[in-house]
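Noted in Swiss-Prot for the protein shown:
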- 1-39: signal peptide (SIGNAL)
- 43-124: region 'Disordered' (REGION)
- 96-116: compositional bias 'Low complexity' (COMPBIAS)
- CYS127-CYS192: disulfide bond (DISULFID)
- CYS154-CYS220: disulfide bond (DISULFID)
- CYS158-CYS222: disulfide bond (DISULFID)
- ASN206: N-linked glycosylation site (CARBOHYD)
Amino acid sequence: MELGLAEPTALSHCLRPRWQSAWWPTLAVLALLSCVTEASLDPMSRSPAARDGPSPVLAPPTDHLPGGHTAHLCSERTLRPPPQSPQPAPPPPGPALQSPPAALRGARAARAGTRSSRARTTDARGCRLRSQLVPVSALGLGHSSDELIRFRFCSGSCRRARSQHDLSLASLLGAGALRSPPGSRPISQPCCRPTRYEAVSFMDVNSTWRTVDHLSATACGCLG
């Protein structure tokens, strides 16, 4: 029997399985790569929920690639903030320095306090009204009484109230240029004297009320 072209031969039946077995691994790898590429480029284009509207966040694809690798989205990478340089520690607090205005105010306050104390001392030594309890029998008015009354009087210096006459008189007396009369000496400053008076009443030993006018001072001044 002759071998014809139209009939399959034993040689063609032997070559066909070898050719198909050689191409099958290549086709399988190409199909797998095509699926992985489509999934990585547009993982949600095939999902009907993505076309209909917003949907909950889906988990990233975890398809395994050839060689044991796993596909990941770029959005999963977390951007870490750049490291910040350490801030220098603040210097320790030093002793508080007093500012010049505060120092000036303190000095002025000290001077003002000194002046006020001097003024108080001068006022205490100056002409002013004073009072004291005294017995009526010691007044020298001829009344017999066991009572005590408050007697007000004036005392103190009037140097600050001196006039030009008083200053010149004191200078002449100090230089010996002015001869004073025998047994007397001129006064070179005013005298602290009462300027107003009041009456005082008391009871004597006979239980009789006595009133003395212009007995006690109520105001003082430098006179002369």
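Cβ from N, Cα, C; glycine included.
Under the DSSP three-state reduction, CYS158 (disulfide bond) is assigned to coil, being neither helix nor strand. Reduced to three states, the DSSP call for CYS127 (disulfide bond) is coil. CYS220 (disulfide bond) sits 7 Å from CYS192 (disulfide bond), taking the Cα positions as reference. Checking Cα-Cα distances from CYS127 (disulfide bond) against the recorded positions (CYS154, CYS158, ASN206, CYS222) with a 10 Å cut-off leaves CYS154, CYS158, CYS222, in sequence order.
DSSP gives ASN206 (N-linked glycosylation site) a coil state; it is part of no helix or strand. The Cβ neighbour count for CYS220 (disulfide bond), using a 10 Å radius and every protein chain shown, is 22.
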